[in-house]
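Peer 1: Following this message is one structure expressed as structure tokens.
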Amino acid sequence: MSVDVKSAQSSKSDSLQVEPRPGERDKALNLVLGQIERNFGKGSIMRLGDASRMRVETFPTGALTLDLALGGGYPKGRVVEVYGPESSGKTTLTLHAIAEVQRRGGVAAFVDAEHALDPVYAASLGVDIENLLVSQPDTGEMALEIVDQLVRSAAVDIVVVDSVAALTPRSEIEGEMGDLAVGSQARLMSQAMRKITGNIGKSGCTVIFLNQLRLKIGVTYGNPETTTGGNALKFYASVRLDIRRIQTLKRGTEEYGIRAKVKVAKNKVAPPFRIAEFDILFGRGISTLGCLLDLAEETGVVIRKGAWYSYEGDNIGQGRDNTITWLEQNSEAQEQIEVLVRQKLTEGSEVTANSMRPLAAAARTAAKKPAVSLASEAA
């Protein structure tokens, strides 16, 4: 009778390998988790289901259409980049974000690297300029160090940097005019993002970078536009917003505002590539009633026939401007319309301004998120 030596050896080795019991595996896992927390601090490792801070909460942008496109608003504890051509509404968008944070009891800071902040305009948008922290740094290193220290304090809820293009490295400022400084700003941004991103997530502070557009030289095919400061910000940003001016609003020959279109070029916390449109009125900022009227018309709450708008069978205004004026004068009807619009969106209505994408999921997500004030969260 022949015996297979190899099979006998393999069966013997298999019998020697004793798998740990489920209880022993759990003990080993708890032991290593405890050791990691002792070495690196509490919260350094956790189960995703147990981590309440992993839940991404949001705060409003100031434009209802943009809130829906973002899945609820700006995410807390993330990096946001807003870019676009000149006079497209970038600073206005961030000033509204600051006003929303302050309205909820939060602390806001504005790093004015361009030295162009208009306090009168900011106040007209609802910003509490008495309590707004403002810094006008001399160099890019100084600006980003200030941002890092504000974020580390965990006492600030939003920091706006205006803008990345104005963050000039110290070597460039101290050098002669015409000296080459290839890649110095990109290196500065790359180092800064590596340093502050982790602290942003831990503190819950939202950092919004404004950025300008440049043209790539020698690009024949494709989009020649690019943003300043290299690629680091593109990678570290959870949300990137591309804002454009698509129309100038006029009454006769008088220009009183612009129509802005925002494309969500990147979004790590909600579906990307949605589009939102809203009016920006000179001296007054984003028209919240204009956003409400647009969504009310899209969802069928307000009916438009020709130039006339009607609500519950009654004509409320001829033309868009007159209808917005009617909404301003009838706050009770305005609140009713807003409630109906939100209900329609939750039920699954589609909005063409957002690329015909159903926004029910975004509205449901926004409705489920707890309305906790920023002050109580900091406490």
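If you go along the chain as it appears here, the first residue is 1 and each next one adds 1.
Every residue gets a Cβ built from N, Cα and C, even glycine.
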Peer 1: If you look at how Swiss-Prot annotates this chain, which of 1-23, 300-322 comes out as region 'Disordered'?
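Peer 2: Based on what Swiss-Prot states, region 'Disordered' spans 1-23.
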Peer 1: Near Lys90 (ATP binding site), which residues of its own chain have a C-beta under 8 A away, given they sit six or more steps off in sequence?
Peer 2: Val82, Tyr83, Gly84, Asp162, Ser163, Leu210, Ile243
Peer 1: Name them in sequence order: residues not among Gly84, Pro85, Glu86, Ser87, Ser88, Gly89, Lys90, Thr91 whose Cβ is within 8 Å of the mean position of the Cβ atoms defining the ATP site.
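Peer 2: Apart from the listed residues, the neighbours are Ile243, Arg245.
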Peer 1: If I restrict to non-local contacts, at least six residues apart, and a C-beta distance under 8 angstroms, what lies near Ser87 (ATP binding site) in its own chain?
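Peer 2: Correct list: Arg245, Ile258.
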